[in-house]
Amino acid sequence: MAPPPAKMQEIHQFLSSALLQRGPTALPYAEATKSLIRQHLLNLVSSYTSLDPKTATFTHNDGRSVILLQAEGTVPMPFQGVSYNIPVVIWLLDSYPHYPPCVYVNPTRDMIIKRPHSNVSPSGLVSLPYLQNWVYPSSNLVDLAAHLSAAFSRDPPLYSQRRPPPPQPQPSPSIGSGYSRSSRLFTPPHQTDDAAEVYKKNAINKLVDRVHCDLVLMRSAREVEAEGLLSLQSGLERRGEEINNGLNEMVNEKETLEQQLQVIAMNTEFLDTWIRENQGKPKSLLVDLDVDDAFDCVGTLSKQMLECTALYLAIEDVVYSMDKSFQDGSLPFDQYLRNVRLLSREQFFHLATAEKVRELQMDAQVASIAARLHS
């Protein structure tokens, strides 16, 4: 049965006020998840009216205290056709809802936790497959309460620590707290533990389980931190590769510029030499100067380069003239195609020879400049 509207309005106002606090009293939940946390608690209270949301102080193993939300009350436990109520506390830790809450069975002073129990430790910490397989954002508190009820129905976690009365036809109730209806559920056959000793053991076990819960949270935080560091390392390695590639490109560009500088230096040296040789000649010698005699080839390579270049350009002019003749219709297509193929092959050989001669000339000029620099 759903709680009265007035109570739901009061719970809604309490959750809104608690989650909207800022400053030192603010709850340690992420801002992006506060609306989902409020909705989870409202759905839980609507389905299980015996659970009430509260704020309480949770002390970690390292002494750090933090105010957290909790749902405290009872969950129903059908057992042998009768419905009982099991007191529990559901702590919503700092990492909720990305990680599961911590659930404790909260026995009163006249109760004792069953030993051993498949889902509840001696300190009251509850361990369920639903908690271990918690998946954000589909997992929620309503389904958790349903799994708690089902697990407790299969194996009740609490007994009364009072000694049973003498056998009677009908056993009398031994729990007056409202959490149970019959002593059959909570009374073991031979229960002789002292109440103070049991309370002390439960407190120690609860402290141990709280330490274990803190260790789980610390391990989760360290895993997230390790994932962040691995992602950062991957980004640094990627940037290192980019820097190395950029450095290699700069080295290659430097080598290309050095080669171009050598070519410019070679051409400058050649022009300076020509100017020095022809600077003192009278202008009268240039009147009847033949173009073919204007430059003298220095060495076999220069002469070969001049011949290859002249032949290459001559073939270029012939092909151009053939193109014009073909377009005018004075040259048949088959003759045009055959002559172009032959001239193109010859032109390619002249171009290849000129390239090799140019490489040899460059090597010779570089060697000459290097020799002058070292002399």
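Just so you know, glycine gets a Cβ as well, placed from its N, Cα and C.
What TrEMBL records for this protein:
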type	residues	note
DOMAIN	18-162	domain 'UEV'
REGION	155-190	region 'Disordered'
COMPBIAS	163-172	compositional bias 'Pro residues'
COMPBIAS	173-184	compositional bias 'Low complexity'
COILED	240-267	coiled coil
DOMAIN	299-367	domain 'SB'
Segment confidence, the domain 'SB' (299-367), expressed as mean pLDDT:
89
What are the helix, strand and coil residue counts for the domain 'SB' (299-367) according to DSSP?
65 helix, 0 strand, 4 coil
